[in-house]
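S.K.: Annotations for this protein, taken from TrEMBL, read as follows:
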type	residues	note
TRANSMEM	A:24-52	transmembrane segment
TRANSMEM	A:72-93	transmembrane segment
TRANSMEM	A:105-122	transmembrane segment
TRANSMEM	A:128-149	transmembrane segment
TRANSMEM	A:161-180	transmembrane segment
TRANSMEM	A:205-224	transmembrane segment
TRANSMEM	A:253-274	transmembrane segment
TRANSMEM	A:280-299	transmembrane segment
TRANSMEM	A:306-327	transmembrane segment
TRANSMEM	A:333-352	transmembrane segment
Amino acid sequence: MFDTTNFQPLLARRYTLEVRQQMAWYWQALVIALALLVGMLISAAILVSAGVPAGELLNEFVILTLFDSQSLRAVLFQAAPLIMVGLAGCLAFRARFWNLGLEGQMIWGAIGATAISLFEIGPPSLRLPLMMVCAMACGLLWALAPVLLKLHLKVNEIISTLMLNYIAINFLLHLVYGSWKDPRDSFPYSPQYKVFERLPELFDGVSLAVVLALVVALFVLWFTGISRAGLYLRFVDSSPGVARAVGVPVKRVILGTVLLSGALAGLAGLMITAGQEGRLTHSFYAGYGFSGILIAFLARNQPIAATVVAVLVATLFVAGRSLQVFYQIPFSMVQLIQAILVICVASSEFFIRHRIRRIQGGQV
Amino acid sequence: MSNPNAIRLDSVSKSFDGFKALSEASFTARWGEVHALLGENGAGKSSLMNIAAGLYAPETGSLFIDDNPVHLKGPLDAAAQGIGMVHQHFKLVKPFTVAENILLGLRHLQAGTYRQRLAQTAEQITAMAASLGFSIEPHARVDQLSVAEQQRVEILKVLLAGARILILDEPTAVLTDAEAENLLTTVQNFAHQEGAAVILVTHKMNDVMRYADQVTVMRTGSTVASLKPQTVSVGELVKLTVGDAPTPPQIPSSRDAGEVRLAVRDLSSSGAAPALRGVNLELRAGEIYGIAGVGGNGQSELAGALMGLPEPVSGEMELVGEGDLNSLSAARRRELGIACIPADRYSSALAAPLSISDNFAMGDVHSGRYGPFWFLRRKRIEADTAAAVAEFDVQGVRSLQQKAALLSGGNAQKLVIAREFARTPQLVIVHSPSRGLDVRATLAVHERLRSARDAGSAVLLISEDLDEVMALADRIGVMSAGRIIGEFAQPADRQAIGQAMVNHV
């Protein structure tokens, strides 16, 4: 006889969710890898429907960008500012401070660097270091108000940092359309930096920006992993209440970490103006703030992982540009793909934290 | 003459993490009576009632409703059997209205659209509230109601869901005297006139004497007596609650108490209903000063203030020779040898997601023992942690990099003590150090406190467990309504302390 007691049609089956205590790291890695794969398949489908031949995708994204030495240099070059904003995101998020103002801090960093260049402050040999210091100071100052407001008046930093971006953006437009506009033509950008004001190529075409980004990554690794501040930061990250009770100077740790995050974002701004564009332009920052958050998120705030993810995002940027040239795909498609990848990885968190189990018999 | 049984629990046992919360507890409530369940904190009252409400499954023992055996699979099952529990901490959705909250708890919905159902529920609420003798606005948002009104919403919620057996867990703890009187009269009417069964979980003698028809007394996980409150005196009830078993004699300090280390003067907290109302005490080197009292009389706030958690306080906490405790930074407190062992380990002592060695390192990192600011000496941290884990017998450590969250309660507590006692402490502030620990771990913790005292530390022990205070303290202060209302020197009379604890409530 056929036993029907244990058989149920698919829709009548019932499932229950259980919270998982822990999942081995290799299973977590597998879940995230699967999520990325799903994200890439969705992205590929969108690109194909937008007119990119399916057969060309692999060619554009992998072969032409990573196996061609000139493209590889372009990827690394592109990766430098992304590594910086990614690290800036990692630091702020570890202090439980949602710094959505990375773009504003980048803009001020770039404005600070450009001011040194425009007003010709310091001798040529010291000009570039001075620009770097000024960029970091300006980024830091732009992060100062939100962090003080949060610590002393509990003002939500998500809103304050985001709103300050608009002030920074409009001030940038005011400069490049106004007093800082290059007098030689009518485009909205500042006069070109001089040769000694630009990040030089060091060896084999690799820019100083790349080396600088790697040095900063090592610095962040030291800060979060080896110094006492790192221990404090781990306590603040895991539980501010416990941190306070066991004697971590919570406010000072948050203040210092967030200011460092702002300084790194400012330096990222300089990397674009002094490394790529050679001048202050009206939209050099576009997309970097979001990318920084995304990189920090995908890297789980780990500096080494952030460096790797930033290189991958840079690949996407470079490939996106060539798609723009050859297939007229708008550059916002790159942001769309980023967003899809983030949503997929964020959703995979659900499977890491929960277990789905079928209920026998369909009863609670 | 007596009514039929409504609910009966027979020889119920339950343990948590090796700790026996209930052992062979039996309980019977009848229809039409207000039945008080009386006992000290941790006597097992809430555990027993959580079993009756289907939240916990008993390990052994059985449950009967109307003398029929019943097996509850969960709270929904209990609701279907007509059992409703109002918890001490309300379970309401704050931004929802009264009617929405109650609709959420209904199992059998009437036909109609959501709006129609909501309107029907609102009518039912008004009618039920009127029959109970109070009024409530069904469309008011819950977060705009007073605590007493929220409690009424909870009661209406379980009654409209069809409860005939109403369990109230410490219902008067959050109410003013007038509100409490009101509530108890209401539930008394509900039992006497509607014939329902009301179970009142409490530790307040007055409520029991005035409103209960029957009282069951619990002590250390067992039910020790069931009687009519009119037939006994308050003194006899106190005796039943705190027990008269001879406690093992406290082991006195091997040396005389020294100079005063900590003087607390007129310590008060602010607010409309301040938890601390002028605490005065002096703590000497080489003694354990125990603070006994029924839970919720300001003990947690006192512990918080002394441990430097942000609490708005007035008054003085003078650390003799160093000034007020509040003015000392965390690093300075460590340097002076002030050790804190809070009651809730994972909200104020250990960072659960961090490793055991990270948690241990926090104890001495400020002093520079683990390297300068720019470098953590991991090897030294690991060596110190390993030594402390061995010395303080922290079990279940597979690796020092393992998360602290994976330790059991007792071992997490041992880790806290290992960290706090790594350097001989001058002043120890402990709050309920054995909460949730098994007997062996409790003994180990007690031994550590005694040896700290014998080494000359001044120990302030705040505990709601009278046995613990009796066993450890050289002097005992009884705390009630935010004050120390009496001090007892050892050997102290347990009955007298028990009496002092409840008389002022």
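Every residue gets a Cβ built from N, Cα and C, even glycine.
Can you tell me where each of these features sits in this structure?
M.R.: Counting same-chain residues at least six beyond the ends of the transmembrane segment (A:72-93), those with a Cβ under 8 angstroms from any Cβ of the stretch are 65-66, 99, 102, 105-106, 205-207, 209-210, 212-214, 216-217, 220, 223-224, 257-258, 260-262, 264-265, 267-269, 271-272, 275-276, 288-289, 291-293, 295-297, 299, 301-303, 306-307, 309-311, 313-315, 317-318.
The list of residues near the transmembrane segment (A:205-224) in space but at least 6 beyond its ends in sequence, with Cβ under 8 angstroms from a Cβ of it, reads 73, 76-77, 79-81, 83-84, 87, 90-91, 94, 199, 230, 233, 260, 264, 267, 271, 275, 303-304, 306-307.
Listed as Cβ neighbours of the transmembrane segment (A:253-274) (distance under 8 Å, sequence separation of 6 or more from its ends, same chain) are residues 80-81, 84-85, 87-89, 91-92, 94-97, 99, 101-103, 105-114, 128, 131-132, 135-144, 146-148, 150-151, 193, 197-199, 209, 212-213, 216, 220, 223, 229, 232-233, 236, 243, 280-281, 284-285, 288, 292.
Remote same-chain partners of the transmembrane segment (A:280-299), defined as residues 6 or more beyond its termini with a Cβ less than 8 Å from a stretch Cβ, comprise 81-83, 85-90, 93, 100-104, 106-107, 110-111, 114, 165, 169, 172-173, 175-177, 180, 188-190, 265, 268-269, 272-273, 305-306, 308-310, 313, 334-335, 338, 341-342, 345-346.
Cβ atoms under 8 Å from those of the transmembrane segment (A:306-327) belong to residues 47, 50-52, 60-61, 64-66, 71, 74-76, 78-79, 82-83, 86-87, 89-90, 213-214, 217, 291, 294-296, 298-299, 333-334, 337-338 of the same chain, restricted to positions at least 6 beyond its ends.
Counting residues 6+ beyond its ends, the transmembrane segment (A:333-352) has Cβ neighbours under 8 Å at 20, 23, 27-28, 31-32, 34-36, 38-40, 42-43, 46-47, 50, 287, 290-291, 294, 297-298, 313, 316-317, 320, 323 in the same chain.
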S.K.: Count, for each of A:24-52, A:128-149, A:161-180, the Cβ pairs lying under 8 Å from the transmembrane segment (A:105-122), and report the range with the highest count.
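M.R.: So the stretch in question is A:128-149.
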